[in-house]
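Asker: Please find one structure pasted underneath; my questions will follow.
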Amino acid sequence: MQIDLLFLCVAIPGVLIAGISKGGFGGGASFVATPILALVIDPAMSLGLMLPLLIVMDVAGLRAYWGKWSPSASLRLIAGGVLGVILAAAVYRFTDPDVFRFLIGAISLGFVVFQLGLKRRWWAPRTVPLSPKVGAGCGVVMGFTSFVAHAGGPAALIYLLSLGLGKVTFQATTVAVFSVMNLSKVGIYGALGFFNFETLKLALLLAPVALIGVLLGVKANRLVPERVFFGLTYVLLAGAGLKLVWDALT
């Protein structure tokens, strides 16, 4: 992996935005760095580079919410999520980088549409709790999209929002679930070659950027309107998603 000015100009803002999202805005757009990085490096390498950084961010969240999650909801999502990760790994083994480039782009665009739909009330979160089987199914989708783009949030939200959890329990459950999911991907990413010495070294170099982003996120939560932050993030996601889909198809 070549570290040049273009890479740094893309990686540093992407990781910084991911950290800000994790630190101050619920982590809803923390996967933004993955599609942005995939514009300039191999998609698998962008996933491998971001995973250690996401784990570093998860550690801070776990300390704040330890033991406050919903055990039953967490277990259902995690059980389905592990299966989803395995399915995604099988797909990766039989495809080329352009397929994953397309999937990352499509998931990015789908995420933007999903979030805009919630904001504009094109659809509303279900108020009746979804069944445990549906919860596990959401977990499978979560695991698949988490493996492909570190973007398991929408599938998890569909299930968790239906449960009517309290604010702290909801946040703690998302932190716990994605902490476990990210750890579950380490071995498979390593076996598939997403990690190498260069990506791990670069992740170490970018770790301070991620932590600075988390700290800025805490401050930005009080100073920057959520609408402004997510508006900018969704524009970046949509632009990166469209470019990845275009590159994959041409």
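A Cβ is built for glycine as well, from the same backbone N, Cα and C atoms used for every other residue.
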Asker: Can you dig out which of the ranges 100-118, 176-194 TrEMBL describes as transmembrane segment?
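Answerer: Among 100-118, 176-194, the range TrEMBL annotates as transmembrane segment is 100-118.
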Asker: What stretch of 48-66, 73-94, 100-118, 202-222, 228-246 shows the most Cβ pairs under 8 Å to the transmembrane segment (130-151)?
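Answerer: The listed stretch sharing the most Cβ pairs with the transmembrane segment (130-151) is 73-94.
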Asker: Going along the chain, which residues at least six beyond the ends of the transmembrane segment (48-66) come within the CB cut-off of under 8 Å?
Answerer: 11, 15, 18-19, 22-23, 27, 30-31, 33-34, 37, 41, 150, 168, 171-172, 175-176, 178-179, 182-183, 185-186, 189, 194-196, 199-200, 202-204, 206-207, 210-211, 214
Asker: Please report, as numbers and ranges, the same-chain residues at least 6 past the borders of the transmembrane segment (228-246) whose CB is under 8 Å from any CB of it.
Answerer: 17, 20-21, 25, 28-29, 32, 35-36, 38-39, 101-102, 104-109, 111-112, 115-116, 220
